[in-house]
Amino acid sequence: MATTTMRMIISIILISTYVPHITLCQNITEEFYQSTCSAVSRGYLSALRTGWYTSVVTIELSKIQKNVCNGTDSKVKLIKQELERYNNAVAELQSLMQNEPTSSSRAKRGIPESIHYTRNSTKKFYGLMGKKRKRRFLGFLLGIGSAIASGVAVSKVLHLEGEVNKIKNALLSTNKAVVSLSNGVSVLTSKVLDLKNYIDKELLPKVNNHDCRISNIATVIEFQQKNNRLLEIAREFSVNAGITTPLSTYMLTNSELLSIINDMPITNDQKKLMSVCQIVRQQSYSIMSVLREVIAYVVQLPLYGVIDTPCWKLHTSPLCTTDNKEGSNICLTRTDRGWYCDNAGSVSFFPQAETCKVQSNRVFCDTMNSLTLPTDVNLCNTDIFNSKYDCKIMTSKTDISSSVITSIGAIVSCYGKTKCTASNKNRGIIKTFSNGCDYVSNKGVDTVSVGNTLYYVNKLEGKALYIKGEPIINYYNPLVFPSDEFDASIAQVNAKINQSLAFIRRSDELLHSVDVGKSTTNVVITTIIIVIVVVILMLITVGLLFYCKTRSTPIMLGKDQLSSINNLSFSK
């Protein structure tokens, strides 16, 4: 009965490099600003990713026909079982890349005999993604985004059989060689022969024996241990559809990682930092590629081009008025919270703080997620109304109570009838917060409670400084304060307030002018009426006087009239 077997040659650089341990003492200081309900945690050092370093790992599969083996020993069965597991792993990887051969062709090929495992470290970076990709693989790559574009470019090249043959041929007579790929990339390829020698000299002579006699169970165990890596690689790629992160020790062992770091075009300080920080693995990727009987995957490591510059984190919480009736308060919150790091004369701002990883007092951030700001942004902490930088805020009229856990304490925004306390696990409640924004350090405090929500404070060591000041929200008039401004600034809010005040002043002026006009008209009308009434009264008075005078005056006759009357009477 003809059977097949598999052997694996892992090409790795084993470089003995002394890497001194880096101790980062925690010297955190925290400043709480009562006026803006914010806190700044300082004392951190930067490790900002500015590029990628790409390495290539290839596993070459080939076949060999094995002599008839009729052995029934349990150890022989274990060997056969182990070979079958690897055959299934290879088939799964090929299926993942949609390059799975038919069952008949796979049966004709038989199980691959040898696996040549090489490590190739690229010496430059790439940023183009190939257009023609396998559908299943491409969909996942597009989901990752441009962060791994350089690794994808190399992965595309590895689909070309000629490129893989270049690597294979370069390693025929040497354990270390530089290969130039078709896209202009220079690849440093290295290998060692420890596993190859084991398979050739220890395993295959026993397995290929006619009766498959394996007298020592240690042979089986050692074979399982050495081949466990391929199984894990196949499992990780299968579960993650061709791209894995973080980078496991199966994808790249610690010795291999140190070897790659040693070859990176970075300073010794950067190499030391990368050698001792596990976050390097968390921020790395491995990208799979399969071509016929070659399994290849690209390992992409972060390059921290900016290190040891000061970093600080801004924490903010709602600041509301407390003197008004329930439902009529106004609130203001700084929206510029996140990580800040000095970078080449400016400040790199990372608004999504969770994208940065902290180890001790070292902050690992990706500059792809940052905004570049002027150094004047620091003025927002000490003088939010400064004229050099327009500080970012949001406004509302909803005074919701909450707490923000800082590096060495907690900010507590307590409003309305919510009960807010700080507690010690042994002494119970040690502080009750009044309405407003307050701060408590972690000295003697284990938890902070806001209503029914319990917060656990961090237990880092540091020094906290409470900077008192009048809450700036008290400077604003609730009647003209703009609400629901979610992406605003101090200048924009003040401008809207000034517009509202100007509108009110104009309304008052118009109202005043209308009142004055009405008053003048009323006076004129009243005056005219009074004059008319007076004139009428005067006319009536004169008429009455004249009439009365006429009625009361006797008739006086002259002498001539009287003489005429007398003569008339005598003549009769």
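FYI, residue positions are counted from 1 along the chain as it appears here.
Backbone N, Cα and C define each Cβ position, glycine as well.
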Task = Identify which of C311, C331 is listed by Swiss-Prot as the disulfide partner of C320.
result = C331
Message = Quick check on the annotations: Swiss-Prot lists region 'Fusion peptide' for one of 137-157, 284-304, 536-556. Which range is it?
response = 137-157
Inquiry  = Need the matching range: Swiss-Prot marks coiled coil on one of 443-478, 479-514, and I'd like to know which.
reply    = 479-514
Remark   = C380 (disulfide bond), Cβ-centred 10 Å count of other Cβ atoms over all protein chains shown, is 25
Inquiry  = Just to verify a number: CA distance, C414 (disulfide bond) to N498 (N-linked glycosylation site), in angstrom, no decimals.
reply    = 30
Message = Cα-Cα, whole number of Å: N498 (N-linked glycosylation site) versus C380 (disulfide bond)?
response = 21
